[in-house]
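> Checked TrEMBL, it gives:
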ACT_SITE  E106  active site, proton acceptor
BINDING   T29, G30, S31, T32, D84, G85, A86, D87, K97, G98, G99, G100, K124  substrate binding site
Amino acid sequence: MSDSDDLKKQAALAALDHVEPGMKLGIGTGSTAAFFVQGLGERVRGGLDIIGVPTSERTAKLATAEGIRLTTLDETPHLDLTIDGADELDPSLRLIKGGGGALLREKIVASSSDRMIVIADGSKLVDQLGAFPLPIEVNHFGLGATLIAIEAAARQLDQPVTLKRRLASDGTAFVTDGGHAIIDASFGLIREPEAMNLALAAIPGVVEHGLFIGIATAAVIARPDGVIWLHA
Ligand SMILES: O=C[C@H](O)[C@H](O)[C@H](O)COP(=O)(O)O
């Protein structure tokens, strides 16, 4: 296992200690969340009784293979805890998510939970968000107009921006679980994440974006010198 995978696993297992019998859990997506799903599977097979809502089709498959009982937000609209990775987080627990394209379901699930614990290796913790391009999930209808509106929003906030349509590994257009496209927006460091959050959310063709503000309640970050916790 690479050093970075080892740190991801350490963060995932530290968060696992906060899972209690009977909990309704939101289950994140990505390589760090996959370590959490593996660890959770082991505990479930050892007798832990929980039920989970997966944040992507990928996570649903992994969790099912681990023997984790799954439900939906339609059946279980209120969750106790979501555990999920992030592409970047700052010390105020503002996040960039969506590197794997799961941001819409991730935001819905985390927002339906009492608490959200972010699991990450130390490279994800930054002073200011934005080195990682912000994933923006957009409707296919009117895509050209939506791109122009995103550029206009960036100009208003005095942020430069370069927009790239995300491609899948086979070179075709990436399509999210919800059937939408992803635009990766490089703004450089985001000076006012709250203002950016509102400006992007106000664009009709934007289905959701990867800035998570006021959602995470704690983060466990594994670094070579040990595991640290941040709290909102
Ligand atoms: O869409 C994907 C999610 O937001 C992931 O949680 C995020 O990209 C972090 O993934 P990883 O743990 O693989 O770095």
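All positions are counted from 1 along the displayed chain.
Each Cβ is built from the backbone N, Cα and C atoms, and glycine gets one as well.
A description of the local structural setting of each listed feature is requested, covering burial, neighbours and distances.
A helical conformation is recorded for E106 (active site, proton acceptor) in the three-state DSSP classification. Neighbour list (E106 (active site, proton acceptor), Cβ cut-off 8 Å, at least 6 residues apart, same chain): G28, T29, T55, S56, D84, K97, G98, F212.
Taking a C-beta cut-off of under 8 angstroms and a sequence separation of 6 or more, K124 (substrate binding site) has the following same-chain neighbours: G85, A86, D87, E88, L89, I221.
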> For each of T29, S31, count the other CB atoms within 10 A of its CB; which of these binding-site residues has the top count?
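In terms of Cβ crowding, the pick is T29.
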> Using DSSP, would you call D84 (substrate binding site) helix, strand or coil?
strand
> Taking the binding-site residues T29, K97, K124, which residues show a Cβ-atom distance to ligand 1 below 6 Å?
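The ones that qualify, in sequence order, are T29, K97.
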> Need one number for the substrate-binding residues T29, G30, S31, T32, D84, G85, A86, D87, K97, G98, G99, G100, K124: the maximum pairwise CA distance in Å, whole number please.
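Output for substrate binders T29, G30, S31, T32, D84, G85, A86, D87, K97, G98, G99, G100, K124: max Cα distance 15 Å.
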